[in-house]
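Shown next, in structure tokens, is the structure this report addresses.
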Amino acid sequence: MRTPLIAGNWKMNGSSALVDAFGQAFADADLPESVEVVVHPPFPYLDAARRALAGGPVKLGAQTLNPLHAGARTGEVSGRMLKEFDVEYVLVGHSERRELYRESDDDVYDRLLAALNADLRPILCVGETLEARDAGRTRDVVLRQVGHALAPLEPAQRARVTIAYEPVWAIGTGRTATPEQAQEVMAAIREYQAGFDPALAQSMRLIYGGSMNAANAAELLAQPDIDGGLVGGASLKVDDFLAICHSAR
């Protein structure tokens, strides 16, 4: 049985007031015990979020990390540093990082490995552009990204990874993959995994990211191979994010 995971990615948004609002809301929220919830605020709010969420059901995540433990990398943050703030999860390979910061598949793998070595739980983001989808290359693009990141890992390392399928054309656009489109890709990822590790294919969580909101979450989460969501804009609205969490029960 795979535990549903709802992860809120604030991106470069939020404020101290929002951190406090989340802390208060989730302290009083009756979250389903069967659902795991994580929030990924920007780096400056990690400590405030740690304190605001302390003792509650919500775990803390980061949005990226540098592959190195330390060094001359101005503006960067290492996995070791994140652990000091009680961070448990970290995103790697988000489409915005791949596109805006030119992170290659090799870069994503390096960050994934760094996260695992720092005892963090990486959420590996994969997905295709609209051009690739229209060309019928969705499966090829997504499975290439998955394989490049996971194939070199040991089985115990792969077991710590969650995969987030985020069609690039559905991020921040208001467009959403239909439940059937999302399920088709998730099933392909699970089938690919089964080719070299059948047990892991059944236990690995696959979550959907791409304009998931309170209105469409239940239908997406009802698909057999969708085990949760990587939520962007809706994660900045406390009530909407709570509603999505309840949809995953």
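Cβ atoms are placed via backbone N, Cα and C, with glycine included.
Here the Cβ of His94 (active site, electrophile) has 28 other Cβ atoms within 10 Å, regardless of which shown protein chain they belong to. Marked as active site, electrophile by Swiss-Prot on the basis of sequence analysis: His94.
Sequence-distant neighbours of Glu166 (active site, proton acceptor) (same chain, six or more apart, CB under 8 Å from its CB) are His94, Ser95, Cys125, Val126, Gly127, Tyr208, Gly209, Gly210, Leu230, listed in sequence order. DSSP assigns Glu166 (active site, proton acceptor) to coil in the three-state reduction, outside any helix or strand. According to Swiss-Prot, the feature active site, proton acceptor maps to Glu166, an assignment based on sequence analysis.
The substrate binding site annotation in Swiss-Prot covers Asn9, Trp10, Lys11, Gly172, Ser211, Gly232, Gly233. For Ser211 (substrate binding site), the same-chain residues that are 6 or more apart in sequence and have a Cβ closer than 8 Å to its Cβ are Ala170, Ile171, Gly172, Thr173, Gly174, Arg175, Thr176, Gly232, Gly233.
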Would you mind pulling the DSSP three-state label for Asn9 (substrate binding site)?
strand
If we count other C-beta atoms within 10 Å, could you say which of the binding-site residues Gly172, Gly232, Gly233 has the fewest?
Gly172
Within 10 angstroms of the C-beta of Trp10 (substrate binding site), what count of other C-beta atoms is obtained when all protein chains are considered?
23
